[in-house]
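So the structure is just underneath, and the comments pick up after that.
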Amino acid sequence: MEVQSLLNFDLDPGPVDQSILVWQHEHRSAAIWEDEVPPRELTCRHKLLGMRDWPLDPLVCQKLIEFGLYGVYKVAFIQLDYALITALVERWRPETHTFHLPAGEITVTLQDVNILLGLRVDGPAVTGSTKYNWADLCEDLLGHRPGPKDLHGSHVSLAWLRENFRNLPADPDEVTLKCHTRAFVLALMSGFLYGDKSKHDVALTFLPLLRDFDEVAKLSWGSATLALLYRELCRASKRTVSTICGPLVLLQLWAWERLHVGRPGRLKDVGASYMDGIDGPLPDPLGCRWRASLSHKENPRGGLDFYRDQFDQQKDEQVIWQPYTPDLLAKIPLICVSGENIWRTVAPLICFDVVEWHRPDRVLRQFGLHQTIPAPCDNEKALHAIDKRGKSEYDWSARHSRHIGLWEARVSSVVSGEPECSPMDYNDPYMEWYRRITRRIISPMNERRPGQFLPTGFAFQVLVQRVAAIHARSRASLEEELTVGSARQTLQDIVDMCAGALQLNAPLGSLSNGSVAQAPTPEPFLMLPQPTPTIIPQKPMGGEMVCLPLNDMEIDDGLAAEPLELMPPVQDIGCEQSLSSVSQKPLFWPSGGKLTFSWVCEVMLVFDWSSKNLPPCEFSSVLPFNVLDELVLFASKILKKEPNCVRIDSEKAEVVVVGDLHGQLHDLLYLMQDAGFPDGDRFYVFNGNYVDIGAWGLETFLLLLSWKVLLPARVYLLRGSHESESCTSMYGFKNEVLTKYGDKGAAVYKKCLECFQLLPLASVIAGKVYTAHGGLFRDVSSFLSDKQERNRKRKRTQKKQTDNTVLDTEDRSESLPLGSLKDLSKVKRRVIDPPTEGSNLIPGDILWSDPSKDTGLFLNKERGIGLLWGPDCTAKFLQDNNLKWIIRGKGAPDERAKRDDLAPMNGGYAEDHEGLITLFSAPDHPQFQDTEERHNNKAAYIILQIPECEELKFQPLEAVSPRPKAEAYYDFRRLIHPPSNLVHNITNSVDSPSSVPDDKDNLISSENVEYKSMDLSEQMEVDEKDDVDSKYSESITDEVAAFGTPASGDRDMVDFSDKTENGSKEADHSETAEISKDLSDTVGKPESCSRTRGTYEAIGTDAKLKSNTPEAINLEPQPGCDLYVPDSGNSTESRTEKAAEEACVGRISIDDCSTTGDAAVELEITYDEKLDRVVTEITGNDAAECMTDGNRDIATDGAENLEPSTSKLNYSEPSEDIDDSTMKFRHNTSCVADSDLETVNGGVNADCSSSSKCLTSKPVVAHDKFTNLTKPSHDKGYGESADKPERVIKLVTYSKRKSSDKKHMIESNEDPQQKVNDSVDSKNKGSLDKSQSVPGDMDS
């Protein structure tokens, strides 16, 4: 490690151990350190100015004394020091309800409230109901009724109170005196305790409590005051808050009593006070002594920067832990010590809607007791979300009954401890623990302009840097061969470094007299490098394993906050030998989010260690959820600011381009060490596909995010086709995350999906090399006529349906216009799955397009998303954009081997066209195939020298071997060996992408996959698909065609022209909130252990029912009609029926739903008896049910939207009027509630004996769960007779209509079936009215 690099490190402000201050990322101190908070003070609001000239009549004063509220009046008008209040807020921690100072935790307790304000603390909680007619209540208790202009909800105008109650009449009667007293107390306590935005109004909340004066004197006004102070401190400590209110006078008095920072000196003591009409001295609380003349000679009064720096350097002797001496307590009024028995109670403090916990067990030194390491506390953060907004009439005593019960038991929860005999030692166990969990430094270490205040922390930073450099220099000398010359040079270097430090820090003390401080304050959390160099093992191409110290990489190392106990070097990264028996310590997030190189190295070591030593379910023990959350949050902030196409330019540097990784963590570790870690002269561009298939996709992605946060201008992560919900749900990443994080897996998966959407789509290196995962894209101007083109296709389809003379000829595709780099700026990339229709198609093009040997640019109709482009397009794109090379990914060798027109990928790269390189960086992929089926491919990465980019240097990689053992998170065997006669259904675009295998570099072929997605960031409504080729039945009858189903030869989708396009204005207002909402609906628990997906497909010989969402289909044509159903995770069976014998006949019927406003379409397909046997053999039952949730509205021609839908599939024996048995597929837009169903997400459960319900983001055809019903008995009369009745399959779809849309409903007095038959016979219509058409997600 270079000594010079150590001279540039900042102090770590803490906490090192984040187990206590878990909300640090939300705290104001984090924003200050990151320079996000303007250097100004908080605005302190209060409403007591209107009380200054409100005279206190002796009669009213006597009542205040009886209530125990007189002390508030006496201290309420002390001037506030805004800078001091702000500096204290920066030290307040909502997690503990204490201030974190360098000397330890300290806080305002019930003792302080009782003594300083004279408020009663031992009594019933201040709470109750607010269900009142406030005008009537004012008239009842105040004797006056406020007018409409004076009464604002539960607030009344302060001017109205002053006008009616400012002057008490002479010789008032008891009623008048009580009314005036109530008005004065109401204005005083409301102004003192509350400081909301209603500056000129007074809260009437306390008025009901003032009815009975005897009860007022018993209430615990002190605990209510402290609760409101805690709540305001917690709220103001958030990084985005700029104001504070509440009883801030109490906070300032407390600070003056206990802390030296900002504390003035009293020029003289204040004597007892008297008032005419009241015998004896008034009961002034201790806080009244600060109403004297003050001086700042001893402790200068400064601004916020000065106070902040003073707190950073505060020492233990500058804190007065026990300011209330016995002599003082003997002189103050008895009410000030009336609650001494509960000063140390651990209990909730209550004031109507506010509940905050009192934690004296964390500050026992304030009570003269020895402080030990306190037990973990839970201050119930959820309580902060409870307030009075929207609850003007609410019974708070009932809402907080549990906490009120705890307060009533306050005496039993008083803490105790051993007396503190002497000041706490610096090395006391509590202090050692505290220094690890606290935030020690608040002042940021950024550059200051000349003449600005320079915090003392800069001096300590210089000292730490010099000592660290001296340590490194000395250690390096000891490791070298020591000569006289080298020893002299080392000593000279140390002298120079010491001289520099002493020159800057002369005031810290004289070293000539030999005096040495007992311990530095504050202690810097800067850990020196470990004696043993950090090692990452690697396997070079020659086959021999070499271990290189990270410190030998030419990178300025950072110093980690908490060094790990490193395991011994391992000579084989995948070895199964026993590693260190010492458990790996969990990672902690560096304070302020400022990552260091050492921290990222620790991440690599931890991930490598856990992959060999821990089961996946224990991964969160080394990478806690809060660390992952911080990492993704910081990375997302960086990615969000990057353009769709990032540009990398440098005068002279090296760029490493990496292809698909697919969760192969250990190969990535070797790759980065082989190529050299990112630094000032080395860039990295990763071309996507970080997750899925491999067993360590999460670690791979998080490691790359760590590098991105560390070096955002040197590491660039582009998006791949597998960074989507559809792929990750199919190829294992979702299951991997849910397995590794258990109950929090759903939240982790959601965060990853949100981060995927922020990844850029492409990069341009030195203006000469274009990189993207898929490749080229079409011209954005071609999207403008999509709607007109769909209308044309729909009219042509209708003409074919009504005119049998029209030949069913396929459209001859025309070459699309090629896009340019300028078009990328118009792309909306924040989509969880790329759209396949509408005006935002470029993301799908970039992620899913493939090269072809044929010229031109065409839709990839076999896949349903992306393009195919020829060498002419490559040449044109390079020429138009002045580029030399195109580097893409998506080149899995097993899939490339299936394409005769493309070169194989076993070497890790291929030149598909002149200037077009396909790169693949996952060696020996996919890792879970059997040995005889493996391609044993090498991988590669590319090194570019910029700005020339004259040549590409291909660096081959072999797989690190052997890899640690791991199980697949997806059913790779089924995907590798699909049944030869299996044809996957293709559901509509609104169907769940979670069941979609997609990338052609995956284990099964995706060449014929039709792909559809949702744009979650824009909340766009999905158009019906028209340009994507779909395979329809060749023998659907004319009756079916009359209802809008396209003819078989057209190969176009049913389209509703008036549907909203992607990117519509209706979606523009929704982005982040809708993303989170939609994503939360798609995430669930892990799939069953079998990791298989159930697929139910009923396909006829001449009529195959298909929908439009991507499902993989075999490349080989299917010889016959299949029925394929997995039987609960066990072996599957399929039956091929002969076309001539089992042809199916379809007819349409309509259910009468006029009474409910639901239009319905029912399709009956008749089969013979064999179908029932197939279903029975496969499922073991004669009845099953599956439900799925749909999550996308469908817009029909009329413009109304369908409500979110649920699909219901069932089959059962028929009733008497139906021959034998009926299978019904139901898609009902009404919400289906079934409380008895157990939620299951993912594949078919191995045990189907219990009912279950599968919830997904969209309806899926690959149904995940069957529900056993009672097995019905067969009619024995049929026996084996050849005259068995036909089986009937009914497909019933419902579309929910608005109650006001009567024109779409079928009249109840009409025969709905007759309407259908008439419509079919007439053949005058191309399709039914939209109310009778099949919804888009159930097109047949």
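Just so it is clear, glycine is given a Cβ too, placed from its N, Cα and C backbone atoms.
Neighbours of His722 (active site, proton donor), defined as other CB atoms within 10 A of its CB across all chains, total 32. Taken from Swiss-Prot, the feature active site, proton donor applies to His722.
Summarising the annotation, Swiss-Prot assigns Mn(2+) binding site to Asp660, His662, His773. In this structure, His662 (Mn(2+) binding site) belongs to neither helix nor strand by DSSP; it is coil. Less than 8 angstroms from the CB of His662 (Mn(2+) binding site) sit Asn689, Tyr690, Val691, Asp692, Ile693, Gly694, Gly697, His722, Ala922, His925, Pro926, each of them six or more residues away in the same chain.
Feature annotation from Swiss-Prot assigns compositional bias 'Basic residues' to 790-799.
Among the features that Swiss-Prot reports, compositional bias 'Acidic residues' is placed at 1018-1027.
Annotation comment: Swiss-Prot describes 1049-1080 (among others) as compositional bias 'Basic and acidic residues'.
Summarising the annotation, Swiss-Prot assigns compositional bias 'Polar residues' to 1203-1213.
Annotation source Swiss-Prot lists compositional bias 'Basic and acidic residues' at 1266-1289 (among others).
Taken from Swiss-Prot, the feature compositional bias 'Basic and acidic residues' applies to 1318-1328 (among others).
Annotated region 'Disordered' per Swiss-Prot: 788-814 (among others), in sequence order.
Among the features that Swiss-Prot reports, region 'Disordered' is placed at 1012-1093 (among others).
Taken from Swiss-Prot, the feature region 'Disordered' applies to 1196-1218 (among others).
Per Swiss-Prot, the feature region 'Disordered' maps to 1266-1340 (among others).
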Asp660 (Mn(2+) binding site) has how many other Cβ neighbours within 10 Å of its own Cβ?
29
Other than its own, how many Cβ atoms are within 10 Å of the Cβ belonging to His773 (Mn(2+) binding site)?
27
